Amino acid sequence: MGNDSLVLLARLLGLVIAVVVVYWFLLLKSTFAPRKGFTYTTIHALLMVIGFILVSGEAILIHRWLPGSKKTKKAVHLLLQGVALLSALIGMWTKFHYESGIFSNFYSLHSWMGLLSVSLFAAQWVTGFLSFWHRGQVRETRTTLLPWHVFLGLYIYGLAIATAETGILVKLTHLQTKRNLPRRCAEAVVLNGVGLGLVLLCALVIASAVLPKSGNEKIVYSSQDRPNVWLLDFSFFFFSF
């Protein structure tokens, strides 16, 4: 399967996941039934899956499908990652609005993985902007940082997916123990489907990123950078020098 096919599948799967999450929100009322804290619960689920994970995944794929100059691709990549970061920050903010205290929701593996994901993502966005977009940076510095920027970007994306999986597990446990919903109810099926879809999406996005688009794509690097060639081989799609 060619890289173009992987990109297309990843984008289509992301759209399907977004539709399923909206369907979950609109038609399945066990989680989103009107009650106290309804707005915050809704915002968190929608922003973290659609706004954070799906938008950041699309930003990773931008350099694979968007026509135009490399400068345009860099600008769109930066913009989409900024939207993803804002969505993640708002999604995290909703979890501080509970009567039992601002830290009442930060006790589980899901919550701490979420804090780590968003913190690393914010640091990655800032350093990426300063290192690759700012024209004052010398070529050698950007060449050195690029492989690590790519590696951390893909790592953080995978970590965000893993965090979403733990969140789905927490939600399923809550529905079955606190709401007494059967294990094979419609909402459980939808949540499991979203979880499986995110796992597949993670594989497609990372594969699209690391596999060469075509045999004639190359990246220029200096002799000092040759030890990092194994990383540079799949980092060309992020930024041009």
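Any Cβ shown, glycine's included, is placed from N, Cα and C.
Worth saying up front: this structure is predicted, and the values here are computed from it rather than measured.
Residues or ranges marked as transmembrane segment in TrEMBL: 7-26, 38-63, 75-93, 113-133, 145-169, 189-211. Taken from TrEMBL, the feature domain 'Cytochrome b561' applies to 9-210.
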When each of 7-26, 113-133, 145-169, 189-211 is checked against the transmembrane segment (75-93) for Cβ pairs under 8 Å, which one has the most?
113-133
May I ask whether the transmembrane segment (113-133) has at least three C-beta pairs under 8 Å with the transmembrane segment (189-211), counting pairs 6 or more apart in sequence?
no
Can you tell me which parts of the same chain pack against the transmembrane segment (113-133), counting only residues 6+ beyond its ends and a CB-CB cutoff under 8 A?
48, 52, 56, 74, 78, 81-82, 84-85, 88-89, 92, 106, 141-142, 145-146, 149, 152-153, 156, 159-160, 162-163, 166-167, 238-239
Take the transmembrane segment (145-169) and find every residue of the same chain, 6 or more past its ends, with a Cβ under 8 Å from one of its Cβ atoms.
48-49, 52-53, 56-57, 60, 108-110, 113-114, 116-117, 120-121, 124, 127-128, 131-132, 191-192, 194-195, 198-199, 201-202, 205-206, 209-210, 228, 231-232, 234-235, 238-239
Can you give me the average pLDDT across the domain 'Cytochrome b561' (9-210), rounded to a whole number?
85
